[in-house]
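Asks: Relevant sequence annotations retrieved from TrEMBL are reproduced here:
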- A:76-291: domain 'ABC transmembrane type-1' (DOMAIN)
- A:12-30: transmembrane segment (TRANSMEM)
- A:82-101: transmembrane segment (TRANSMEM)
- A:113-133: transmembrane segment (TRANSMEM)
- A:162-186: transmembrane segment (TRANSMEM)
- A:207-232: transmembrane segment (TRANSMEM)
- A:272-295: transmembrane segment (TRANSMEM)
Amino acid sequence: MRLTLHQRQIIWAYIFMSVALVFFVIIRWYPTILAFNVSFRDWNVFEGSGPWVGLENYQEIWQDAGKPRSSVTAAFSNTVRYVLFGVPSQLVLALAIALLLAQIRRLSAVFRVAYFAPYVTSAVAVAFVWNWLYQPETGLINQGLDLVGLPQQPFTKSPAQALPSITAVAVWQNLGFAVIIFLAGIQQIPSHYYEAARIDGANAWQLFWRITLPLLNPIIVYLTVLGTISYLRLFALVQNMSPQGTGGPLKSTTTVVLEVYREGFSSYKMGYAGALTVLLFFLILLITIIQLRFFSRRVEY
Amino acid sequence: MKRSKLFMLIGALLVAAMLLAACPAAVPAEAPASDSAAEEPAMADEVIEIEYWQYNFAARVDAMDQLIAQFEEANPNIKVVHNADIPYAEFRDKIAASVPAGVGPDVATLFYGWQSVWIDSGYLVPLPEDAFPPAMVAEKFSPMVQASFVEGTLYTLPTAVRALALFYNKDLMADAGLDPENPPSTLDELADQAVACTQRDDDGTLVVQGFVADPAAQDHHWFREVLVRQFGGVPYTDDYTEVLYNDEAGMQAWNYLLAFHTDLATGDRDLFDGSTNAFVGGHVCFHVDGSFRLGTIAKNNPEMNFGVAELPSHNGVKSTFGSYWTHGLTKKAAADQARFDAAVKFLQFITSADAGALWVDIVGELPAQLEAGSNPELLADEKLGAFAAGLEYSHATFFADESQQRQAIIDSFDMVVLTDEDPATALQIAADTDQEVLDDFWSSR
């Protein structure tokens, strides 16, 4: 059988892609399928197996959610709050910074690196640094507050402030990625749109609202979806910034993923943890579908 | 047209082949298990290799290395592989992740409070009675080791045990005009001296903290097994099926602990990320902690001038909380008779009185065997004596799930301190949460 050049190219393409496929199958798909399987079983972590119990784990989660001061309820409501606080602030800040960065020529590379650096820093390292900054009395932020005569704040030590404090760090950490994507989007908008609008007498505000923002819509959708998913999966920051990594004080910062971890690896209740994972999976799926449906509209000029 | 279909087919087959190739790699549990089964008919003179795991703590690793060297010299046909690379925080996760893959330990060291969960998970096997007769354990080991019997069956044994005692910073006491050679011996004295020792600057910021109540450190143990008993109660029924600390005595004990934070205001656990750091850093006068903290202080603040006394008594009642890291035999060991015998031998060796005596010198934990623990030299030791003295009146809580039961006390403390919850309501919530954990555990048995 003789192959044409084109056919050989296709074969090679499949061969190269199959390497990535193997990676995904082993590292992503297999554990996902396993998690579904585990969630229907009374899974024994040391045996790596367990009897089928149907929906028992899900029923247990449902019952736990009905109890007062339930960790499960706290985890789901906190997770939603992280998304609601985190995603909009991240988008607005990133867009503002990207617009400013698009204006400057000098040192723009330096600024980009500065904004992007936290994104590639380990979340654990970020958490440690911010723990110091947030420290009562000796922390930099509280000393700053002292200096300008404002009262000290407990930040992560108080049930009311802990979640916003951790959200702020997450926003700070993820900002750079959104800035870079926004910047790329802004630079893709053809300059003749702006020129034409200016000739028609549009002011800067109108340029932003009528041209920049609508044309950035696909990017906003993309960043919203990715951002939402990343806040729904928040874990490392909470584990390293809450007291003893428990999602406290008083469960005020715990997330679904943190509860999965605690149930699975501290109480060894793998079936229960698996069921929580599956619920989170469907929550992410549902929110993503809704977002894609309602936010993505085509804008063309 | 035909050709392109052919290539689609080839592509699809390739993908399918990759999927198939991925499958065996994705089922890790089977392969190693059958490997070890194949090695089973070991010859008598063949070297048997067993694996021992503990978490990474320099002094423990050092002590165990010495014990293993002695053991291997006495038993040339047994080789012990020592894995102590796992940080404390990841130890439980690592065990959970490794064992199903067939690469875990034959002998593992675990906190005694984890036993129930590990046994329920089918991970630990009972210790053979001929090698470890219950009568021998009752006679020779510290009474707290009875917590190693779960429903009458012995599952683990320790080399060493620990107890709580009162650490005091002599320099800070002297600064406050207190006599550093006369640390508080009753709860009332502790409260008075903690107040006297506390110093604030002009803004009201704490400079020296008299006593920092911190249930996330050792104070949850201090509350349950010491304070509750001293105010006339008992924390649980004898079989640890029912919570009893939510009574009048428990309430007094609870108020005593809370007062350090609320009424007396002798400390703030948030200032240095917990009472332990604050004491080790030299900012706190009095602190309840275990003998294992001696090593931390020696390493991080060797200059500190401190002493250790027995925990303060109250109403003439002395009590302390005892706890221990203990060694168990795993399912992996039990799967192979030759390895199991070797593991039993090793366990007998590391739980002997001699091993305990070596351990106390290096790690600073007290020997689990009374013979070594009641050594007059040890009792006279300036630092270790107070802990050793506590062994005879120590209580070890039987935990169904240590981390959850601990969290119950922490959360209720937080409710009072952070959200102004009524202390009695908060204590009742702790008791209810704790009881739920116990019910959950006992109902499944």
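Note: Cβ is positioned from N, Cα and C throughout, glycine not excepted.
Show me how these features fit into the shown structure, please.
Replies: Sequence-distant contacts of the transmembrane segment (A:82-101) (same chain, at least 6 residues past either end, Cβ-Cβ under 8 Å): 108, 111-112, 115, 163-164, 166-167, 170-171, 174-175, 178-179, 182-183, 185-186, 208, 212, 216, 220, 223-224, 227-228, 231-232, 234, 255, 287.
Listed by sequence, the residues of this chain that lie at least six past the ends of the transmembrane segment (A:207-232) yet keep a Cβ under 8 A from its Cβ atoms are 79, 82-83, 86-87, 90-91, 94-95, 99, 170, 174, 178, 181-182, 184-186, 189, 193-194, 197-198, 256, 280, 283-284, 287-288, 291-292, 295-297, 299, 301.
Sequence-distant contacts of the transmembrane segment (A:272-295), counting only residues of its own chain at least 6 positions beyond either end whose CB sits under 8 Å from a CB of the stretch, comprise 32, 35-39, 41, 43, 57-58, 60-61, 72, 75-76, 83, 217, 220-221, 224-225, 228-229, 232-233, 256-257, 259-261, 263-265.
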Asks: Using Cβ atoms and a strict cutoff of less than 8 Å, what residues sit near the transmembrane segment (A:162-186) while being 6 or more residues removed from its termini?
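Replies: Beyond its ends, the transmembrane segment (A:162-186) has Cβ neighbours at 78, 81-82, 85-86, 89-91, 93-95, 97-99, 101-102, 112, 115-119, 121, 123, 126-127, 130, 134, 155-156, 212, 215-216, 218-219, 222-223, 227, 230-231, 234, 237-238, 241-242, 248-249, 252-253.
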